[in-house]
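Q: Quick one: the structure is below, and I'll ask about it shortly.
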Amino acid sequence: MKENYCLQAALVCLGMLCHSHAFAPERRGHLRPSFHGHHEKGKEGQVLQRSKRGWVWNQFFVIEEYTGPDPVLVGRLHSDIDSGDGNIKYILSGEGAGTIFVIDDKSGNIHATKTLDREERAQYTLMAQAVDRDTNRPLEPPSEFIVKVQDINDNPPEFLHETYHANVPERSNVGTSVIQVTASDADDPTYGNSAKLVYSILEGQPYFSVEAQTGIIRTALPNMDREAKEEYHVVIQAKDMGGHMGGLSGTTKVTITLTDVNDNPPKFPQSVYQMSVSEAAVPGEEVGRVKAKDPDIGENGLVTYNIVDGDGMESFEITTDYETQEGVIKLKKPVDFETKRAYSLKVEAANVHIDPKFISNGPFKDTVTVKISVEDADEPPMFLAPSYIHEVQENAAAGTVVGRVHAKDPDAANSPIRYSIDRHTDLDRFFTINPEDGFIKTTKPLDREETAWLNITVFAAEIHNRHQEAKVPVAIRVLDVNDNAPKFAAPYEGFICESDQTKPLSNQPIVTISADDKDDTANGPRFIFSLPPEIIHNPNFTVRDNRDNTAGVYARRGGFSRQKQDLYLLPIVISDGGIPPMSSTNTLTIKVCGCDVNGALLSCNAEAYILNAGLSTGALIAILACIVILLVIVVLFVTLRRQKKEPLIVFEEEDVRENIITYDDEGGGEEDTEAFDIATLQNPDGINGFIPRKDIKPEYQYMPRPGLRPAPNSVDVDDFINTRIQEADNDPTAPPYDSIQIYGYEGRGSVAGSLSSLESATTDSDLDYDYLQNWGPRFKKLADLYGSKDTFDDDS
């Protein structure tokens with residue numbers, strides 16, 4: 001700060017000297033105004049020249065940041081017409097006039113009353129004018145002049161950012177550009193060296209350097225290793241005055257991070273890994289993990305693992321866990337303790353991404369030996385085959401041996417084995433198995449035609465550890481035995497035309513027949529068709545075997561007549577090709593029918609039966625007449641019944657009700673009642689229609705619902721009741737249809753008591769039945785009967 005004050009004082013003195021020099025012409029007289037005008041003659045014949053009067057002044061300067069006790073003298077204004085008698089008044093106007101700059105109106109001296117800052121305002125433009133003090137008449141036209149604020153070095157350099165962050169790859173060459181920092185100085189760059197900056201590094205050597213003029217930071221050491229040190233803190237200084245003494249300075253911090261390159265290979269921390277796996281492990285199960293360390297990061301540190309050698313390459317595999325960068329060794333296929341107890345693997349770890357610039361640092365991989373021991377486990381029994389197929393003939397006697405399954409204990413203990421059948425696969429219990437030797441036998445005869453294949457599951461378990469068990473599928477084929485005779489493939493029926501000719505009308509077969517056999521094809525076709533031996537010479541029909549498992553039935557003669565015989569039953573023997581063969585006799589029905597001249601069937605009705613019955617024409621007419629008379633009687637009965645105004649069954653008005661119980665003798669109870677009036681139930685008008693209550697006046701017009709089904713010819717009581725119940729349940733708009741039972745004696749002394757829901761004794765109680773009015777139309781009648789009790793009492 002001392003240096004700054006001394007510099008300011010020197011600049012002030014320099015400015016004063018400049019100002020004094022500026023006004024020197026007035027004293028010396030060579031800057032006095034001269035008058036330029038017309039010429040006049042003096043007394044002695046001299047020619048006088050009139051000159052224009054003007055200002056005597058120059059451009060003014062003022063030092064910024066002046067802190068003296070008195071106002072700074074900026075300069076002095078003077079006109080050549082000023083004789084010093086005080087008649088001229090100087091006026092100052094313009095920027096800062098009267099506030100920053102003041103003028104002595106007599107002497108013309110200008111002073112700065114405030115401290116000026118060039119960085120806020122570099123110059124001020126003012127107007128000067130001389131006027132007559134008494135009249136304020138301008139003596140000279142106004143003139144403009146400038147007051148410049150002269151700069152001093154009062155602003156230190158400032159960086160654009162307080163801190164910088166930069167990255168540079170590790171192992172970069174010397175001189176690699178890292179980042180450029182820039183500072184600025186608010187001082188005047190055109191005046192002196194106040195704004196001339198020079199950069200230097202204060203912290204960060206010897207790793208980095210900075211260019212003095214540009215501020216570019218560069219690496220200063222080769223092969224900087226990120227794994228040794230990743231982050232550096234550098235301090236950069238910017239100093240004005242060209243870096244000379246007395247200049248002001250500013251600093252900034254730069255954090256430089258070394259980015260990673262793949263300059264390190266993966267490395268296993270140990271040379272041998274020991275692992276173990278149980279022989280009971282399943283493929284895909286993890287055995288263990290290995291990890292090679294790579295100090296690089298990101299993609300440069302990615303490692304992949306492979307098995308490159310060893311006797312366990314077929315039994316084990318390795319995958320890479322990219323989250324943990326570990327090699328996961330898994331079981332590829334089952335291992336057996338009794339077969340091989342140890343394996344050796346050579347595992348390689350290699351970088352995924354390799355930088356060619358650092359290939360000389362390689363190889364970027366490492367290998368390790370992994371030894372895996374197999375641990376013994378209590379294994380379940382093993383069947384000698386993955387599945388079994390056995391055969392047995394159908395109809396074989398119970399206890400017939402079907403086959404055998406065999407399993408053994410793979411462990412060294414060789415525990416005894418016990419066999420059993422999964423009964424979920426043999427629900428009918430067709431088979432049994434010897435638990436000790438595994439022989440499978442039948443328990444009942446089998447039928448191939450029902451099931452040709454039977455599939456069961458057999459379990460084998462260790463006798464000392466039932467939890468150790470194995471299972472195997474066993475397929476049993478039921479072999480066919482010729483135990484089914486062939487039969488007609490369809491219910492065949494033949495037709496033959498009646499005629500007067502004695503020879504057959506056609507050489508075509510009456511019908512072509514074929515057969516089916518439930519047995520296997522070996523015991524089925526070829527089928528042989530023939531007539532039974534006893535009718536081999538049938539005079540009417542014959543059978544010709546077509547030798548293709550079909551046969552044709554032919555007529556041996558003509559002249560068939562329906563009057564003589566309209567139906568023939570022809571037995572046909574069918575034999576199969578089994579050993580021994582099976583045969584059956586099937587009956588073919590052949591009808592004699594009427595045909596046209598072309599042989600087309602016209603009718604095969606039952607006239608022959610009527611004619612052959614021996615009835616005369618008169619008898620037939622009598623039978624038909626009786627039938628007609630009976631039909632006429634029935635029609636008349638129905639017609640008369642419909643024309644009657646009243647139904648056939650008449651009820652008294654008070655008896656027209658549904659399910660009215662009538663006592664033959666009073667007293668007793670409901671056990672003495674007749675439950676139903678069968679006549680009412682038999683009334684056909686009440687089956688599906690609506691029967692109105694004659695003792696109840698309907699509140700609204702009721703639209704009868706159609707019956708659920710048409711009325712039968714004869715009424716069934718049970719169906720009638722169920723139908724009515726279903727209609728009532730499904731009709732929410734139906735009015736209440738109460739069944740009120742009236743008893744002459746309520747039976748207070750009866751042991752059985754009353755089963756009726758409406759007891760007349762309750763009419764004398766004090767119950768309030770007005771709430772029935774709110775229960776809707778179904779309870780309207782009850783509300784009228786019980787809710788108006790008081791009214792009836794009053795009337796009586």
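Cβ atoms here come from the backbone N, Cα and C positions, even for glycine.
So Swiss-Prot has the following annotated:
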DOMAIN    54-159  domain 'Cadherin 1'
DOMAIN    160-268  domain 'Cadherin 2'
DOMAIN    269-383  domain 'Cadherin 3'
DOMAIN    384-486  domain 'Cadherin 4'
CARBOHYD  Asn455  N-linked glycosylation site
CARBOHYD  Asn540  N-linked glycosylation site
TRANSMEM  618-640  transmembrane segment
TOPO_DOM  641-796  topological domain 'Cytoplasmic'
MOD_RES   Ser788  phosphoserine
MOD_RES   Thr791  phosphothreonine
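On this model, are these features tucked inside or out on the surface, and what's nearby?
A: Per-residue pLDDT, averaged across the domain 'Cadherin 1' (54-159), gives 83.
Across the range of the domain 'Cadherin 2' (160-268), the DSSP-based residue counts are 3 helix, 47 strand, 59 coil.
Per-class residue totals from DSSP over the domain 'Cadherin 4' (384-486), listed helix then strand then coil: 0 helix, 45 strand, 58 coil.
In sequence order, Thr425, Pro473, Val474, Ala475, Ile476 make up the list of same-chain residues 6 or more apart from Asn455 (N-linked glycosylation site) whose Cβ falls under 8 Å from its Cβ.
Cβ neighbours of Asn540 (N-linked glycosylation site) (same chain, under 8 Å, six or more residues apart in sequence): Ala555, Arg556, Arg557, Tyr568, Leu570.
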Q: As a quick check of your reading of DSSP, tell me how many residues in the domain 'Cadherin 3' (269-383) are helical, how many are strand and how many are coil.
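A: Split by secondary structure, the domain 'Cadherin 3' (269-383) comes out as 10 helix, 56 strand, 49 coil.
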Q: I'd like the per-state residue tally for the domain 'Cadherin 1' (54-159) from DSSP, helix first, then strand, then coil.
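A: Per-class counts: 0 helix, 49 strand, 57 coil.
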